[in-house]
Amino acid sequence: MKLKAYAKINLALDVLSKREDGYHEIRTIMQTVDLYDIINIEKIEEDNIIVTTSSENIPTDNKNHAYIAASLLKERFGVKQGVRIHIEKNIPVSAGLAGGSTDAAAVLKGLNEIFELNLSEQQLMEIGREIGADVPFCLVGGTALCEGIGEKVIKLKSAPQMNILIAKPEVYVSTQAVYEALDLSKIKKRPNIEAMISAIEEGNVKEIAKNLCNVLEVVTVNQYPVINRVKDIMRNNNALGTVMTGSGPAVFGIFGNKYNALKAAERLKVFIKEIILTTTCEGSGF
């Protein structure tokens, strides 16, 4: 079985509070983009999970999200057959694009079908939560408001199709470290989530671009000023709006046309290796 595992971007990301368990309560609008890993899954006779990948930058053992997803399903539902999973990696790793979470979501969907478990979307989302906060959204895809630690997913009207340029600087960002460094009392600019939802419902690309905002950006930029350099180049080449996604370091810009996006990509190529021009999309859904 071959599945597409789509990346996500955060159009808006607000952090509300820190919980007693150490996690943070957030409100974010997530959006699927037409950038995906390809996941090949096949049954094998021996009771084992084998993960291989085209990338040297991700683990293939029980630290891999796809492996964890397979292990959880097998254990919970007493599946004795094994699986071989191959991940053809196209989504930049550790970028804020949910690369690991979306692979896990694809494996949950695929194994639900292969092993005829007949689990509902809701049941898969509950299992997905145990793997990572972005997994439930990745199961649903499209455009959604996510709350809690990101695991509560409220579907929104689909955003209009937009030209999205993604650039990932070659720096490593720890999500945990970014959240720990965030001082909630010093956040000066928060996203207007309601204005973003209205812009999405109206299909107003310029208003969507105007309302892009991520409160984590100030923390990551403080450590890696290259993020601001990427944003400046996008803006100087007519991006309608630009923002960091997730905890970074990937940045995306919304462009009114592909010509401007390609111009920005040419400028960025001087110091950024991973640059992707794509569009928003619905993803694979359930």
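Even glycines carry a Cβ here, placed using N, Cα and C.
Around LYS8 (active site), a 10 Å sphere centred on its CB holds 28 further CB atoms from the protein chains shown. Under the heading active site, Swiss-Prot lists LYS8 (among others).
Its Cβ taken as reference, ASP134 (active site) is surrounded by 30 other Cβ atoms within 10 Å in the chains shown. Look at Swiss-Prot and you will find ASP134 (among others) tagged as active site, backed by sequence analysis.
The number of other CB atoms found within 10 A of the CB of THR102 (ATP binding site), across every protein chain shown, is 32. What Swiss-Prot records for PRO92, VAL93, SER94, ALA95, GLY96, LEU97, ALA98, GLY99, GLY100, SER101, THR102 is ATP binding site.
Within 10 Å of the C-beta atom of ALA98 (ATP binding site) sit 29 other C-beta atoms, taking all shown protein chains into account. DSSP assigns LYS8 (active site) to a strand segment in the three-state reduction.
For PRO92 (ATP binding site), the same-chain residues lying six or more positions away in sequence with a CB closer than 8 A to its CB are GLY99, ILE166, LYS168, ALA250, GLU274, ILE276. Within 10 Å of the Cα of LYS8 (active site), the following binding-site residues from the list SER94, ALA98, GLY100, THR102 place their own Cα: ALA98, THR102. Annotation note: GLY100 (ATP binding site) sits in a helical segment as assigned by DSSP.
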